[in-house]
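Enquirer: I have a structure I would like to understand better, so I am pasting it below and will then ask my questions one at a time.
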Amino acid sequence: MPPRIRPVERMDEQSTTATEIPTTTNADGGPRVRVLLLDDDPANLLLRAAILRQNGYDVLSAGTIEEANAYLEQTDIAVLDYHLGHGKFGTAVAAKLRQRRPEVPIIILSATLERRFGGVEDMHLLKGHSSAEDLLSALRGLEAKRRGAPVVVNAREFYYSRIAMAIGVDVLVQILDPEGTWHYVNESAAAYLEKPREWFPGRNMFAEMSDILRDWRDVLHAVSTTRETYIDRTRRGLLTEPRPEEVSATWSVLAFPIMLHDGGSGVVLSARILERNGGTPIFVA
């Protein structure tokens, strides 16, 4: 896996100022894409800027909303940290950029899942769980969109996959709306339920699997309305009847609220086996 974006102690890269914007070209002679990078952490800002420059981008580095606003006319793609501290948010820059130059793609970096996205931004990445390659992949996709080329990044899939990665690959992850319609399942959950991943989105768990899954109706409704986390104390797992190899297994099942990619209310239903027969720790993967 590519290294995650982390702060560094020192770096020789210098930030570009609003009054000093060099004109550069790609190897093919075309203009390089200018990325507005907003982050109030100087170390993170320097590191991300260095990574983008090494991959052929011009970087307009900003540590404040005011600095970022000065770059709006020169920006091709914006990458904005959501929480800037002191009650300030990168979405203020996003809103101004969208109003002034609606064609410019916007990526929001956020450290929390509990945030109402689906606003002016085109994509959001989960800080701490998105690698440098994730950011570069997002930029390539939005660059293609900006130029009218085919877009290869599926923003919805990208969003949910980052959430699932944050929870862990050894956990069965299902993301549903309050009515039980699947929006996403990870590979582990799909394999456990014996269906391909692409089978799930848009289907309803109560209509499709009421014969094998426990009735999670009340749980989904309660979590989505109260916005509180549910902990299943029965330790029974997801199924109405345990499989033979899981009869004595101890499960951990959690359900917690989340905003769906379209801004609607959703629930993450996660499950993993803690112990099988004889108290042997083992995880479903």
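Even glycines carry a Cβ here, placed using N, Cα and C.
According to TrEMBL, the protein carries these features:
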| type | residues | note |
| --- | --- | --- |
| REGION | 1-31 | region 'Disordered' |
| COMPBIAS | 1-13 | compositional bias 'Basic and acidic residues' |
| COMPBIAS | 16-25 | compositional bias 'Low complexity' |
| DOMAIN | 34-143 | domain 'Response regulatory' |
| MOD_RES | ASP81 | 4-aspartylphosphate |
Enquirer: Name, in the order they occur in the sequence, the residues of the same chain whose CB lies under 8 A from the CB of ASP81 (4-aspartylphosphate) and which sit 6 or more residues away.
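Expert: Expected: LEU38, ASP39, ASP40, ASP41, ASN44, GLY90, ILE108, LEU109, LYS127.
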Enquirer: Average the per-residue pLDDT over the domain 'Response regulatory' (34-143) and send me the rounded value.
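Expert: For the domain 'Response regulatory' (34-143), the model's average pLDDT rounds to 86.
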Enquirer: Where does ASP81 (4-aspartylphosphate) sit by DSSP, helix, strand or coil?
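Expert: Its secondary structure by DSSP: strand.
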Enquirer: Could you break down the residues of the domain 'Response regulatory' (34-143) into DSSP helix, strand and coil, giving a count for each?
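Expert: The composition, in the requested order, is 43 helix, 30 strand, 37 coil.
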